[in-house]
Amino acid sequence: MPNASSWSASSPLLLLWEDSSGTHIFLSLLYAVLAISGTLSNVMVIYLVFSFKKLQTTSNAFIVNGCAADLSVCALWMPQEAVLGLLPPNSSSLRSAEYRLLRGGLLSLGLTVSLASHLLVAFNRYVLITKLPSVYQALYQRRHTGCMIGLSWALALLLVPLLPGLWTSGSAQQPPPRQPDGSSRYTGLLLALAVLGQTALLLHCYLGIVRRVRGSAKRVSVLNFHLLHQLPFPAAPPPPRRAQRRLSSVSVLLLCCVFLLGTQPLVWVSLLGFFLRPAPPALQAASWLLLCALSALNPLLYTWRSEEFRRAARSVLP
């Protein structure tokens, strides 16, 4: 059985794997908690958007797209990881190449579309607040919005067969290969660079929103992204009070911080393993679990500041 040293020599994107029943049970419990909480929160957001007309906006369409992608991780992939952690290490389920490919495909599909949805939401809000209303209306027609969502899934489906080794081995419940795969290392490097590029674009959008909120009178308050359903725009509302602008800026920066906390540890662990030496196993495990937790937290990140979502939730929940 491979030990920690052999694991350190494997792909830097993989989660810590140890031949320890205690470790497997602990990881299974974490996956079970994330699976239940993430499934409930994603399903709730999707249900609210489809049930309440006021929530059926362009920005929320991208949020629902991300929730659907996160469901493939929380409702389909995580429960399998939780169950496999309770099986013996020599179980045939762990050794089945077809089953590993299936789990890897679910993970690849969900994470790719989820990350793309983050960027689509950020760009949508950036255009809404920093550009003219005519530009927003021309860019975010219903047909264009559908094409953007379709392209995010098409891109993910194209990447699923291209990244089989990377995503299939990204599991806590199966042993890593004894020898590092050079192609997997380069694939991990390309993935890290792609996530860094996506993060740079997302930060550019949100920091542009913050600058606009703090430095000028806006047409639309960032506290009310759900007002998109009122387009075409009426007369410009009065600029928000200073306290509202400050709170809005804090909300945007908090969203960015949570996103960075969930994605960047895994990216930098990958870069460290490619250019220098593999990171400690505990750091690899923590970075992977943070990325998994992001799929469960995404619905709350985009709805906790929306009064419309809170009203809809209060009308549904007892």
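Cβ coordinates are placed from backbone N, Cα and C, and glycine is handled just like the others.
Taken verbatim from TrEMBL:
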| type | residues | note |
| --- | --- | --- |
| DOMAIN | 41-302 | domain 'G-protein coupled receptors family 1 profile' |
| TRANSMEM | 25-50 | transmembrane segment |
| TRANSMEM | 62-80 | transmembrane segment |
| TRANSMEM | 100-123 | transmembrane segment |
| TRANSMEM | 144-167 | transmembrane segment |
| TRANSMEM | 187-209 | transmembrane segment |
| TRANSMEM | 250-276 | transmembrane segment |
| TRANSMEM | 282-304 | transmembrane segment |
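Proximity of the transmembrane segment (100-123) to the transmembrane segment (25-50) is not established, fewer than 3 Cβ-Cβ distances being under 8 Å for residue pairs spaced 6 or more apart. Long-range contacts of the transmembrane segment (282-304) within its own chain (CB-CB distance under 8 A, at least 6 residues past either end) are made by residues 12-16, 30-31, 34-35, 37-38, 41-42, 44-45, 63, 66-67, 70, 73-74, 78, 110-111, 114, 118, 121, 170, 172, 255, 258-259, 261-263, 265-266, 268-269, 310. Mean per-residue pLDDT, taken over the domain 'G-protein coupled receptors family 1 profile' (41-302), amounts to 76.
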